[in-house]
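According to Swiss-Prot, the substrate binding site annotation covers 58, 195, 201, 321, on the basis of sequence analysis. The feature Mn(2+) binding site is assigned by Swiss-Prot to 201, 220, 257, with sequence analysis given as support. Marked as ATP binding site by Swiss-Prot on the basis of sequence analysis: 201, 220, 236-244, 285, 321, 440-441, 446.
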C-alpha cells in the first residue's frame, strides 16, 4: 500500500509536538534522563560513558540516498551513494514514526548546522534515546535560548530510532540498520544503530550536497587560526590527526571536522567536537583531555567499577570517542569562523611507511592528492577494520560526498589560485618500514613540521625531490631529525623501500584511472608516475 508523504509529515509534526516529546532539555535534565533510563554510566571525570553495542562505528553499506527526480541527476550514484526508491523510504519512515509514537518519551532538539548565517541549516533532531539528544546538543550549533529554539522552523530533520530494526526484504535496506537521506522530504532517517556519529555525518553529507550548489566549498577538515589571523586547514580521514593537530595551544580552534569556505572565508559546520579517545592522555593532548568533563559524552570507553576511565583499553573498539561542545576547548575562535586560509595540510596515515613526513605540493599535485585521498583505514572507524588497510577516499571524505568529486576539486583549485594558498602533504603514519615493521611517526615531530609549515618557516626553505615520488621535501626543519625527512633514509633496507614505494605508486595510478579523461591533466601535471 502506497504511503502518502503528507501523512508522514503530519505524523512527524505530531511526534514533535506531543507532550511526551521533551523539547530542548538542558544538559542537566538530559543527564538525569540518561541515568534514570540506565542508558549510560557516570565517570569520575563527570562525563557520561555510553556503550553503543554491536555498532561502534559508521555503517557505510547501510547508507542510502532517496532516488528522487529533482535530485537524481546531481548525485554521484555508486557504492557510497546507494539509491533507495522514494516509495520504500516513505513506507519505512511511516513504520519508524509509528514505532516512535508508542514510546513513553522522546527527546527533541532544535539547532543549526553552519556558523555562516547565510547558508545555515535549521535543524530538528528527534531521538528515541536521551543520550543521542545530548549528543545532538553537543555536536550541532546550539540556539542561545529556549525561546530562540522554539522559533526555529527546520529545513532538515533527523529522526533517530536506534532500537527499530528494518526488514531488508520488505524495506529495501541492506540489513536491519539504515541511514537514509531524502533531499526532497528533507529528512535523515536512522535506525538499527546506536552509533551517534551517524547523525553528525548525515548532516555533513547534506551540507556536502547543498553548499557546492551555491559555489561554496564544503570540506572534511579541521581548521585553526593564529594570533595574526593566519588560517590553516587540516584535511584527513578519521584517525589521521585532524582533531589532535588542530588543537594547538598557540592557535584558536575554528572546528575539528567539518567546514565550509565561502567568499568571506572559513566557517565551521558544527558546534562541537567528536574526538578519538583511544590512548588519550593529559600529557599528549591536554586540550582534548580537559574537555572531558560534565556534559561530555564518551562512547565505548572502558570504565572501572569506581568510575575511573581507562582510555588505553580497547575492549569494545579502537574507535572510542568523546563528544563535547566546542566551547569546552579554552582556545577557540568566537564565532567559529575566520578569513581565507594561508595553509592547507593533507594528512595521510601511510601504512606502507614510504611517503615523506612532509612535502610541499604544487596546485596540480594538490588536486591530484585531494582527488586521490590516500590514507589507511584505521582500526575501529568502520565495522570490520581491525588493522590499517591502505585505501583511497576521494577528497579525504568519500563516504560523505553526494556530488561528483570533480566538483569539489574544481572549487578547491579555484580557491587555491585566488587566495595563493600553500599546500602540504603530511604523513602521520609509519616510517622505517610498513605497519607491523616500522614505527608510527612521533606526534612531537609531526607537530613541529606542521608548525613550521603554518608559521611560514618553509616558505624560503631549501627543498629537494625525493627519488621515488618526485615530491618536494624540506632539507631541514628545526627540531626534526634529518633522518626521517627523506623516508628512504629511515629504512634499513633501501631496496625494500623502493620496492614498497613503487607498489604504492602503482596503487595511486590504478586508483586515479576511475576519474577518466576529464582529470588527465591533473594526473599528468601533478600525479605519481609508475
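Cβ coordinates are placed from backbone N, Cα and C, and glycine is handled just like the others.
Overlay of Swiss-Prot annotations on the structure.
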residue : record                 : Cβ contacts under 8 Å, 6 or more apart
195     : substrate binding site : 52, 55, 56, 57, 58, 59, 299
201     : substrate binding site : 58, 399, 400
236     : ATP binding site       : 220, 221, 242, 346, 347, 348, 349, 375, 396, 428
244     : ATP binding site       : 275, 285, 288, 443
257     : Mn(2+) binding site    : 200, 204, 220, 221, 222, 242, 243, 270, 273, 274
321     : substrate binding site : 197, 274, 275, 276, 277, 298, 299, 300
441     : ATP binding site       : 357, 427, 428, 429, 430, 431, 484
### Task
Return one of helix, strand or coil for residue 58 (substrate binding site), based on DSSP.
strand
#### Entry: Residues close to substrate site centre defined by 58, 195, 201, 321, Cβ within 8 Å
57, 196, 197, 198, 200, 274, 319
### Message
Of the residues named as substrate binders, 58, 195, 201, 321, how far apart in Å are the Cα atoms of the most distant pair?
### Response
14
### Summary
Least surrounded, by Cβ count within 10 Å, of the binding-site residues 58, 220, 242 is 58
### Query
Under a three-state reduction of DSSP output, how is residue 195 (substrate binding site) classified: helix, strand, or coil?
coil
### Cβ-based neighbourhood (8 Å from the centroid) of the Mn(2+) site, residues 201, 220, 257 excluded
200, 204, 258, 397, 400
### Query
CB neighbours of residue 238 (ATP binding site) within 10 A?
25
### Message
I'd like the number of other C-beta atoms within 10 A of the C-beta of residue 240 (ATP binding site), please.
### Response
24
